[in-house]
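Annotated in TrEMBL:
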type	residues	note
TRANSMEM	71-92	transmembrane segment
TRANSMEM	104-126	transmembrane segment
TRANSMEM	147-168	transmembrane segment
TRANSMEM	200-217	transmembrane segment
TRANSMEM	224-247	transmembrane segment
TRANSMEM	259-278	transmembrane segment
TRANSMEM	299-323	transmembrane segment
TRANSMEM	417-441	transmembrane segment
TRANSMEM	453-473	transmembrane segment
TRANSMEM	479-500	transmembrane segment
DOMAIN	509-559	domain 'Cationic amino acid transporter C-terminal'
TRANSMEM	512-532	transmembrane segment
TRANSMEM	538-560	transmembrane segment
Amino acid sequence: MGIDEGARRRGCAPRREDFFPEESFRSFGSYSKAFKETPWRLKDRVLSRSNDNTELVEVKARSSHEMKKTLNWWDLIWFGIGAVIGSGIFVLTGLEARDDAGPAVVLSYVVSGISALLSVFCYTEFAVEIPVAGGSFAYLRVELGDFVAFIAAGNILLEYVIGGAAVARSWTSYFATLCNKKPDDFRIIVHKMNPDYGHLDPIAVGILIIITILAVYSTKGSSIFNYIASLFHMVVIVFIIIAGLINAKTENYTDFVPYGVRGVFKASAVLFFAYVGFDAVSTMAEETKDPAKDIPIGLVGSMVLTTTLYCLLAVTLCLMQPYKTIDPDAPFSVAFSVVGWDWAKYIVALGALKGMTTVLLVSAVGQARYLTHIARTHMMPPWFAHVHEKTGTPVNATVTMLAATAIIAFFTNLGILANLLSISTLFIFMLVALGILVRRYYSSGVTTKQNQIKLIVCLVIILGSSCGIAAYWASSDGWIGYVIAGPLWLIGTGGLWLGVPQAKQPKLWGVPLVPWLPSLSIAINIFLLGSIDKQSFIRFLAWTGFLLVYYVFVGLHASYDTAKQFETQKGTKEAEAHWNKVEEGVDGKVSHTPSTS
């Protein structure tokens, strides 16, 4: 039985072989032997890299059925809007304006928006060149190797689970506003539990079940629903901006930066949550009709539009009422009540619910495709890679990811989720920008040893100086650290620009201003990481530790076996093709003499 036959044959009815079909897991003896080889296998996986063709053909084929190519740039723009404009703007804007940034929260959105846009450029080049469902996981496998890709993959999955859970809990908050209730009126309060985890949310679970059904049914159907809901959502946003500015009071902007510049960047790091979701659009590249045209327009267009709307909404909220009185759960709805437009809060709440529903839907579509591609490599069990023959969607991956999201949403509050999500997202975006630099400046057999050393030195300087700036920002109010680290970043980036020739040019669409734009993306993402609280980093490190344990005991051996079997099969096919040519007399070395009758 082939290594992927279980996933192909069984579909949604799992057996042990569907989860662990690899040689290392056939028996206890096989596993013991494989585990003893862990150091050598780990070295192999750390140093090995995939390539574009492998991701586009061989790995994709492991799902047995192809995803249907039904999307165009118009679908992607609306998927981008639907993915991004949700609980981030409708909930976290009020929380961060009140506690960290004041009216300067609009500047926080500008900083986050610039960082997100730089990341969009990097994602776009990869998505056009490698249009597969794996998104950043596939890109990092090609450029930084299996091990780095797996660590990123685990954080990608965490990002989606936490993001979906946070949005689902926010959905309950705005639903409560629509019903003239408080959010906790719809939650089960367990007083003996930690309040961060003791407000149980059954409505969040219910909405996730509905989203699961829609996401499993059809990608194009999800796109149509997203388009209609997002259109309604845009109308509500325009209403909020116009009606809010009618009730604006300029005196609410007198103390524009009450918490200082540090507060602006602290809020920006958390508000990056509001931009999470656009990477889900890149996972739809496999289902896009013309990736070279559709993906750049869809990704960049939706991000520019989203950033503009975010800034306008942030300005509107802080002009309507003093930042200290903003409600943290449903800020826009309560703001209209404060100015005497009580009826408008129902329109706002309904629009917010529509927005959060589309965010959940696009997130469900994106996270399932990430898990599908990860499972194709066997870093996760191949059962998750199955694509349903009739729907053309990854049913197993969709149901599993949304079940995990529902469990987290049931227990955990929004504050914990938002900070942890921002860390995972910024970390992944930093790696993708690093991957672009490696892709452009390194190509096996093309880049000389001397240029390889220059590339490594420049990348170390860029990463080191960016970490230095972030660490100095987090620990000091001085300026000496910036004087040292800033020029180092310029030296690292400039050295790459002037001293290392590009080894590879994009065929269809490329990031502009390489290496400056990707290097700036690395620096901004790392800088924002330096503004996140210590407890969130502890949770992030705990999760990363869990990923390492899983990888050493399971993922490493499964992916190693799969890679080696693939190499053997590929070698066999190439040998067969060679000898077929020999037999046909076209090899140029041996010719078979035709028989005569």
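Every residue gets a Cβ built from N, Cα and C, even glycine.
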Open item on the list: Between the transmembrane segment (479-500) and the transmembrane segment (259-278), are there three or more CB pairs that fall under 8 A, provided the residues in each pair are separated by 6 or more in sequence?
Closed with: no
- [ ] Determine whether the transmembrane segment (147-168) and the transmembrane segment (479-500) share at least three Cβ pairs under 8 Å, counting only pairs 6 or more apart in sequence.
- [x] no
Task: DSSP-derived helix, strand and coil totals, residue by residue, for the domain 'Cationic amino acid transporter C-terminal' (509-559) - done: 40 helix, 0 strand, 11 coil
Task: Among 71-92, 104-126, 200-217, 224-247, stretch most in contact with the transmembrane segment (299-323) (C-beta, under 8 angstroms) - done: 104-126
Open item on the list: Short question: most Cβ pairs under 8 Å with the transmembrane segment (71-92), which of 104-126, 200-217, 224-247, 417-441, 453-473?
Closed with: 224-247
- [ ] Take the transmembrane segment (453-473) and find every residue of the same chain, 6 or more past its ends, with a Cβ under 8 Å from one of its Cβ atoms.
- [x] 265, 434, 437-438, 441-442, 447, 481-482, 484-486, 488-489, 491-493, 495-496, 499-500, 519, 522-523, 526-527, 529-531
- [ ] Go through the chain and flag residues at least 6 beyond the ends of the transmembrane segment (538-560) whose CB is under 8 A from any CB in it; none is fine as an answer.
- [x] 20, 22, 24-25, 31, 34-35, 38, 41-42, 44-45, 146-147, 150-151, 154-155, 158, 377-381, 416, 420, 423-424, 427
- [ ] Any chance you could find the range in 104-126, 224-247, 417-441, 479-500 with the most Cβ pairs under 8 Å to the transmembrane segment (512-532)?
- [x] 417-441
TODO: Would you report the average pLDDT that the model assigns to the domain 'Cationic amino acid transporter C-terminal' (509-559)?
DONE: 88
